[in-house]
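Q: Below are the C-alpha cells for one structure; questions will follow.
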Amino acid sequence: MADLYSILGVTSSATDSEIKKAYRKLALQYHPDKVLDPNDREENEIKFKEITSAYEILSDEEKRAHYDLYGDANENEYNNQNANDFFNFETDQPDYDSYAFDNDKSKDVKIPLKLSIQELYNGKTFKFQSKRNIICVQCEGLGWRRRKNGNVTIPHEIECKKCNGLGYKERTRMLIPGFVTTDKIRCEDCHGKGEVYAKPNSEKNKCKNCHGKGLLSENKQLLVSVPRGLQNKDTIRIENEADQEIGKSKTGDIILVIEEDTTMPSDVHFIRKGTDFVMYLSLSLAEALTGFKDKFLSKSLDGRILTLSVPSGKVIRPGNIIKIKQEGWPVNPQASKFGDLYVIIKIEFPPDNWFSEKSDIQLLRNVLPSGINGMMNSWKIDDPLNTETVTTFDILEELPDTLNESNNRSAYDTGDQSDANYDREGPPQCSQQ
C-alpha cells in the first residue's frame, strides 16, 4: 500500500485543514469528468480513486490514528465508497438528508407544454429553444483566470454566508398535531461543505471568458418528439439539458409537463373516457328495425371519416351500446394498440298521431311481430265490472327525484330497516352451502 500522505502530497504532521485542501486540489485536477481522452480518463479514474481512498482515511481521526499506528486502515472497507462524489466531501458536520436526492446533479427544470387533444392523439415533433447556464471551460467554473503556466487557479475558501458555515439550514415541520420535527437541509450554495471558493476581487484576476462568474449563457435548439397517446400531466424528459451548476459533475434534465386542452374539434362528436371514446347516436325507428348503411358517426382525431353500417335483420334497441374496437385513444407510443369507441344508441320514435290513415295502423300491426300483444290478449278478465281502463296519463323520461327521496325517507321513518337495506343493497342473497 502506497503511503497515504505521499498520495495527497502532505507530510504526516499535516493538519486537517492542510489535508482537506490538498485533497480538493488533487480531486479537481484528476477528476475523470475533466478529461476528454478515453485513455487519460481511465488513468485519472485510478488516480482519483486512490486520492479519495487516502482522504477517506486521513480525514477521519480514528482511521488516521489507526493508520499512523499500524500502517494500514482496513482499506478494503473503504474501497466500495463512491469515489465520483465530486465536491461531496465528508466533514465532521452532523448527518442530514444528504441522500434524499442526487447531490452530484444539478436541479431538473420543469416547463409546462400546452398541447391540444388532437396533437396528443397524433403525436408531434417540434423545435424547442432552450436557454441555460453552462460551466465556463476556461476557468472550470471557479471564475479565476488561469495561471501563466496554463493551470487552473484554485482560490482559497471562505465561509458560506448562506448557511453561516454550517453546511445546512434547519427547517421545522409538523408531523401530526402536537408533534414537530426539525430537518437539516443541505445548503445549496456550498453543497454541505460550509465553505465556498472565494470569487476574484479584482478585474485582472477574473476569467476573461465568463468575467468571473464561472458560468456562461448558452442558447440551444432542441428537437422534441411527443409520442402519441400522452395525456394531461404526463411528462417528456430531455436528459442533461438543464442548467449546469458549479460543483455538480452531472447535469439535470428538462422535464416538459403536458397541459392538455381537452376541447374536441367541432366535427369530432365523441368524448374521451380514459383510453376509450364515448358518443351518442340517434336512429330513426325505421333504421333501428330495418338497418342502415354508411351512417355518419364522427370525424376522427386523425382526420378519417367514421361511418357505421348495420345489416338488415339486425334490430337495434333503445339503450344498446355498440362497441367499435381499436378506435379509441392510443395506448402505447407506437400506436399499435388503441382503446375502443362506444356508441350509445338513442332511438327517435315518431310523434303522436304521425300516421295519415287508420289503414296505416293496421298495416303496421300486420308487419310488426305480435308476440307481446298476443300474450297480453290471452289474459282472462274474470270480473269485468271491477275493471277500469286507463286512458288519461303522462309519459315521463325518468322517475321524479322527489319520488325516490320520499321512498327512502319512509323506509327509515317507519323503522322498517329491511326495506331500507333492500334499496341500498338489492334483494337478499341466498347463503352458500
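The backbone N, Cα and C atoms fix where each Cβ goes, and this holds for glycine too.
Automated prediction, rather than curation, is the source of TrEMBL annotations.
Take a look at what TrEMBL says about it:
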DOMAIN    3-71  domain 'J'
DOMAIN    123-219  domain 'CR-type'
ZN_FING   123-219  zinc finger
COMPBIAS  404-420  compositional bias 'Polar residues'
REGION    404-433  region 'Disordered'
Q: Looking only at the zinc finger (123-219), what is the model's average confidence as pLDDT?
A: 86
Q: Mind tallying the domain 'J' (3-71) by DSSP state, helix then strand then coil?
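A: Computed counts for the domain 'J' (3-71) are 54 helix, 0 strand, 15 coil.
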Q: Which numbers of helix, strand and coil residues does DSSP report for the zinc finger (123-219)?
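A: Breakdown, helix to coil: 3 helix, 42 strand, 52 coil.
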